[in-house]
């Protein structure tokens, strides 16, 4: 336009500024700002508001504020962009202050539904529940109470800080509800249940769980059941947790059983742990790590007969023979004991990764992925052992040590021997 002798008007400059916003280009935005000033268009409120939005998105909050301060006329849109800028850039207290300023007689612009939406987001981020309740009162007084996006934001804010009753009051009064409304309400209830679980508040957890269907008319989903199973398991009420899983009105998954098995490990409940494994087999969802957890339950009560210790070592011997045919050679140089090579090889066979892998092969169907987790770095010998085994036994073996995941498949590791 300029090459053809045509000077941009405020509208065309606004389009160019919006392009800079889409590109997230601060440099080009600064160039446009200079041209706006040289063309004398700084008095166009719509153009300057767009420029504020550019600085806000580019995390130049002070520059956006400077543009706002220099505007000769500030309408509600400009104030909303300022609040959005503060909220987006972590200056939530300033955003709340702007809301108060807008309601003063000297401002000349009153908050609208968009203003309330931005301020509610700031309240949720800051934890300003009392301020959020003030905004809620403003929404009711000014007739915005049926706005879908505002109601959803109110549910999110109240739920985030445990005010489920107030969140449900908003939810119940909504003339129309979308998927966001339902998700926000359900998520709020789950958050309360999770808090009860980690605080050991069994009675409170039961109260909220039962109130979902009885008072709120919301059927618990698998996540809510998971929170309750975790809560009961932590409290040692394992049989109650087991009965709850069996009575679930939603599709059961292996995660639920895995949560309860972890509680069995903590409270040394062997019989229930065995029942859980049976359910896993029915779901065809068992993994080697689950059997290893059951192994830990047996060992915690000194029930070594059920640990099938002899079978594990016999399996290790069989694996060792097969792997030697496949080219595996024990890395005895990594053992620091002052012993002979044969004795060192025997010691190496006791490493936890090998015991876990042997147990996994012993108790899982052929082709099942074996997963092992440990808090120390995997030694060279165990690394080579798992790599060769993955090819000989056609098993995927995943070992997580303190530094990384090793994913062994067909005699190779995902790290390509660089670790």
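Cβ atoms are placed via backbone N, Cα and C, with glycine included.
Keep in mind the model is a prediction, meaning the values are calculated, not measured.
Quick look at what TrEMBL annotates:
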DOMAIN    327-419  domain 'DYW'
REPEAT    75-109  repeat 'PPR'
REPEAT    147-181  repeat 'PPR'
Legend entry - Contact set, same chain, for the repeat 'PPR' (75-109): CB under 8 Å, 6 or more residues outside the stretch: 45-46, 48-49, 52-53, 55-57, 59, 61, 64-65, 68, 115, 118-119, 121-123, 125-126, 128, 131, 135
Legend entry - Long-range environment of the repeat 'PPR' (147-181) - Cβ separation under 8 angstroms, sequence gap at least 6: 113, 116-117, 120-121, 123-124, 127, 129, 132, 136, 139, 187-189, 191-192, 195, 208, 215-216
Legend entry - Helix, strand and coil counts within the repeat 'PPR' (75-109) (DSSP): 24 helix, 0 strand, 11 coil
Inset, instruction - Give the residue counts of the repeat 'PPR' (147-181) per reduced DSSP state, in the order helix, strand, coil. - result: 26 helix, 0 strand, 9 coil
Inset, instruction - Let me know the model's mean pLDDT on the repeat 'PPR' (75-109). - result: 82
